[in-house]
Amino acid sequence: MATRHFLTLLDLTPEELSHLIQRAITIKNRLKAQGPTYTPFSNRTLAMFFEKSSTRTRVSFETAMAHFGGHALFLSPRDTQLGRGEPIGDTARVLAEMVDIVMIRTFSHAGLEEYAAASAVPVINALTDDYHPCQLLADVMTWTECRGSVKGKTAVWIGDGNNMCHSWINAARQFDFRLRVCCPPGYEPDADIVAAAGERVEILHDPRQAVQGADLVTTDVWASMGQEEEQARRERDFAGFQVTEKLLDHAADNVLFLHCLPAHRGEEISTTLLDDPRAAVWQEAGNRLHAQKALIEFLLLGKVE
C-alpha cells in the first residue's frame, strides 16, 4: 500500500472520511463494551513531534497507541537534532527507518509538508498554524453521534479565521454541509481556502445573523499560541463576538455547541456555556482518542470494516 499522509482533510476522499467517522464510533462502542482487547498495533511505534505543547493531543495519541497494543515516543525540539539544525528531510528519512508512523504538532505547515514529502511512513498533522484536521475528525464524529448525518446541515464558526476555521471550511467541502464564518472585519480566513469551498461557505460579521437557524455553533480562543502579544487588541476587536447561551437561543432548537478547547471562559464564551446542555465539549474532547485510533488504523492497515 502506498504511503498516505494526513496533513489536511483534503488528503482523504469524502468516502474515506465518512468511513473514518463511522469506524471511530464503532471503535468507541467496542472499547466501552469489551475494553481494550483489539490490539492491531502490536510492535508498532508512533513518533510524536511537539513544537507546540498540548494536553488533548499528547494524551489522546499516546492512549490510542497503548490501547491498540503499540507504543508512542514523545519528542520535543530539545530531544532531536531538528532543534540543532538538522534538515527536516534528513530527520524524516532517519525516523522512517525506525518508526511506523509520525505525528507532528508544529507552527509551519510548509515545514510539515517538507517532512511528509521525505517520509516513507505516514505523517499526521496534529496541528499547524494553518490547519487542525485531527480536531475536525473528533468534531464531526461528535456532531454525528449527537445529531445524525451532517450532510446538508448548517454549522457556524464564530471567531478568528484561524487554523481551526480553515479545517472547518475543508470539512464543509468533504462532508457536504454549509458553513457560516462569522468574524470581525480583518480576521477573515484565507481567501483561497474560502474560494475553494464555493457556495458551501459564507462570510458574515454579525453573530446574531450568523446563528439564525444553525444546527451547530463552534468557536475557538481569540488569540492562538504565538499570538499572546496580540491579546489586548484582539479582545477589543472581538468584543461582541462572544458565544453565550442567549446567542444560542437564536439558533435551531436542537443546536449543538462545540469548542476544541482549551477555552477561555469569559472571553470567546460566557463563563457558564460549557455547562449548558446544548454543549458537547467533553464528549468532543474524548472523541479525539477514538477518531485518532481510526485514523492511525486507516493509515497503517487501510480500510478496516
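One-based numbering along the chain as shown.
Backbone N, Cα and C atoms are what each Cβ position is placed from, and that goes for glycine too.
Under the heading carbamoyl phosphate binding site, Swiss-Prot lists Ser54, Thr55, Arg56, Thr57, Gln81, Arg105, His132, Pro133, Cys134, Gln135, Cys260, Leu261, Arg288. Per Swiss-Prot, the feature L-ornithine binding site maps to Asn163, Asp220, Ser224, Met225; the stated evidence is sequence analysis.
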Looking only at Cβ atoms, how many others are within 10 Å of the one on Ser54 (carbamoyl phosphate binding site)?
16
Determine, from DSSP, whether Arg288 (carbamoyl phosphate binding site) sits in helix, strand or coil.
helix
Counting only residues 6+ apart in the same chain, whose Cβ is under 8 Å from the Cβ of His132 (carbamoyl phosphate binding site)?
Asn125, Asn163, Met164, Ser167, Cys260
Taking only the CA atoms, the spacing between Arg56 (carbamoyl phosphate binding site) and Asp220 (L-ornithine binding site), expressed in whole angstrom, is 15
